[in-house]
Amino acid sequence: MKRTTRYSRKYVPSIDGLRALAVIAVIAYHLNFSWAKGGFIGVDIFFVLSGYLITNILLTQWEKNQSLQLKQFWIRRFRRLIPAVYVMIVVVVIYSVFFHPEILKNLRGDAIASFFYVSNWWFIFHNVSYFDSFGLPSPLKNLWSLAIEEQFYLIWPAFLLVFLKWVKNPKLLLKIVIGLGLLSAVWMTILYVPGTDPSRVYYGTDTRAFDLLSGCALAFVWPFNRLSPVVPRKSKAVLNIAGTISILCFILFTAFVSEYQPFLYRGGLLFVAILGVIMIATISHPASYLSKIFSFKPLRWIGTRSYGIYLWHYPIITLTTPVLEITQPNIWRAILQVAATFIIAELSFRFIETPIRKNGFINYFKGFKDKNYFIWKNKPVGKWLSIAGVVAVLAIFTLGMSNVLSVNTNAEKQQTSVKTTTSTPDEKKDDKKEDKATKDKEADSNKASEQKETQKPDNKNKSAATPKTIITQTVAIGDSVMLDIEPYLKEAVPNITIDGLVGRQLRDAITTATGYKKFNSENSSVILELGTNGPFTEDQLNDLLDQFDKATIYLVNTRVPRGWQSDVNKSIANAASRPNVTVVDWYSRSSGQSQYFAPDGVHLTKAGAQAYVAMLTSVMNK
């Protein structure tokens, strides 16, 4: 394969600057900053960059030896990636044993899948969403992207070796790579279902291959060790303009794109990959002014440690953020979390990643074994303390990964008991005095909040416009929150029909509603409580509301500590423009009321269920 003049560039500092930009975007996204709701696209930049750099290495190796030396390549990759991630997994499991035992049951499977770099498929097959989950998210969920990269490192060199041996035409080879990337992007479009959680297409190696292959394609036409530092003025201007536009587009995507926007999975992420190609091409070019900007020393420091930063930031954030505050970033907590991430990443870089990458596993452990950090009475006490510490760590890790610790059962019982207290009608009789006291205590706050709930511009004076219709039948359709309030709602609204289902999403309710056609009449009221389990489009919401266009609809908004909360509530607020729809504002009513929620921050305690029903019936009785 003919290539242009070689320039001596084994290290491109601006590439580390680009890594820094990508990892900062990802951290800001996981901290739930409103200005970085699209920060997840930083992972796409990492993918494109990996494809570019690895293919550069392999093509250079082929030019030298007409061989890819796959064994040496894979050993180098394992040295670079495995030690740090294995240490992180062990530390997270041990930390969870002591401080978050309730997550151990699910964490075991996540850890094993992460050890073998198949966590992305593990999350797909176990329906673990990247964008949402009730309760404390898995602290290992960020390892899905490393799983894809490791799978790429195993598969791509073998494919490339076949291509290089059998496809002699470089243009044809480039077309094959581009074609495979386009097939991956089309496959994502085919699999994606609007209004549903996009995690299947987001996690899948098959549906994310276009990111990596975009970088691979760039390596064929833009090898960084062939880029001349001297170019014509016009070419330099093109580089600078294209690079600036691509950076601005990346910033705009980071600030304004949401993970639930359908266009992302219908070509949007492919566009991000193309942006990544342009960013890499311009930032890596020595003639570009962006190359100098991204070689700024602080950016390079972050970039060289970006692997450790990416590894550690997510478990640190998830394990130190209260469930109810996941969508409410705290600037001081965020500063401490970022500081802890950088410190641990630096320790990992100095004492784990760099020594093993340079010296290999055997020499690293041999050197560790031969060093005596603490001598007492001519005895290597430090060595034995180190060995004892390693044994203790492995013992605790083994216990955490086994079923010996039954803490998960206790956590499950706690969550089950929450549901039982809100689902057993008999308990209401025993606790009648308590219920009355609770209602009296909340009466004043209910009045104030309920006035706010029903006097918003879209709902105001709806009942005054027409004579009040006598309601003779009511149906309530919802998810597991509806099951939480069911016994209290039945007591407050006699003869009500309640249809609650765990995990129900709005798209499911559209089908469910067809079975309740008799409630689409002027003397009927319909309560809709949906949005807890995922987002929906306004078209889907309108399809549901259209089925009850003659009935009086009470549409309850949601409080769920997940990213789609604001989008769901915005769609619900827009529906208030319909003359037969009244929005009931549970989001405002439950603000600051942590006692209303179970540990997962979504389902209701007894007090929460009672407050919910009191709010709902107050609005219905107006």
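Using N, Cα and C of the backbone, Cβ positions are placed for all residues, glycine too.
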Which listed span Swiss-Prot calls transmembrane segment, if the choices are 307-327, 475-495: 307-327
CB contact flag for the transmembrane segment (307-327) and the transmembrane segment (212-232), at least three pairs under 8 A: no
Paired segments the transmembrane segment (212-232) and the transmembrane segment (334-354) in contact, 3+ CB pairs under 8 A: no
Rounded to the nearest Å - Cα separation of Ser480 (active site) and Asp600 (active site): 13
Most Cβ neighbours inside 10 Å, all chains, among the active-site residues Ser480, Asp600, His603: His603
Result, the transmembrane segment (334-354) in contact with the transmembrane segment (267-287) (3+ CB pairs under 8 Å): no
Winner by Cβ pairs under 8 Å against the transmembrane segment (237-257), considering only 11-31, 143-163, 334-354: 11-31
